[in-house]
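Annotated features in TrEMBL:
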- 19-40: region 'Disordered' (REGION)
- 92-149: domain 'CTLH' (DOMAIN)
- 255-291: region 'Disordered' (REGION)
C-alpha cells in the first residue's frame, strides 16, 4: 500500500465491527427455531447496521492504536483527515519505531543503546526484559555462527559468558532460557526440535519488540496496550458467550477486509497482508498481531 488511506479505511472498518460486537454494544439475538428463507441480511448483521456509534469515540480508538503501536505518519494523516488535534509527540513515537525496527532486523545492540538513550531506567528496572534482549542478542550471534559449516562460535560463547552467565543464577527461568539457547550450538539448525527452532523464528524478535514497546509506553506514563485490543477481546468473549447460549449468529461476520470492498488487492493467497509499508516510514499492520 503506497498510501496510508487504504490502511486507515480498513482500520476504521475493523474498529467499528469490534466496537459493535463488544459486550456493551451487543444487539439482541434470537435463538434458532424453524428454518425459513434466508433473508437478504442476517438479523444480527441488520442489528449492527442499526447501531449508531460516536464518530468521536471511533476516531479516538483509531488514533490511540496508531500512537501506541508506533505509526507516526499514519497518525498524522489520520489526524488531518479526521480534523482532530491529538497530543501527538511524533519524535517519541519515532524513537519507539526505530527501536522496534532494530529488534525486528536482529540488531539488538543498537536497540539496547537506543533504549538506554531514551530512558536508561527501563532496563535497569526490568531485569526480565533486559535478559530477554541479551538472550536475543546471543541468538543472533549463534545464528550468524551456524549459518556456515566453519562458522566461528567464539563471539557467541564470549557474549554468553560475559553478559548472560552472571545473570542466570538470579532467576531459574533465566538459567533455563540460557541453557536452551546454548543448545543451538550443539544441534544442526535443520534438525532442531520445535522448542529450539522457535528461538530462531522471527516471531521471537516480534514478541520481544512488543514487550519493549509496552515498557517504553509505561515509562512515559501511557497505556501499555491500545484500547482496540480490549475491544477485540470483548468481541471474542461476546461471541463465545453467544455460541454457548446457542444464539443464532451469521456464519461469517464481514470485517470490511474483502479486497473488492476496500478497493485494493490482498496478498497473493487472498488474505490481507499482515505488514506493509505506507511509503512514509511506517510498517503498517492490516492484520491484528498476537494478543
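Cβ from N, Cα, C; glycine included.
The model shown is predicted, which means the values in this text are computed figures rather than measured ones.
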Average the pLDDT scores across the domain 'CTLH' (92-149) and report the rounded value.
94
Quick one: DSSP breakdown of the domain 'CTLH' (92-149) into helix, strand and coil?
48 helix, 0 strand, 10 coil
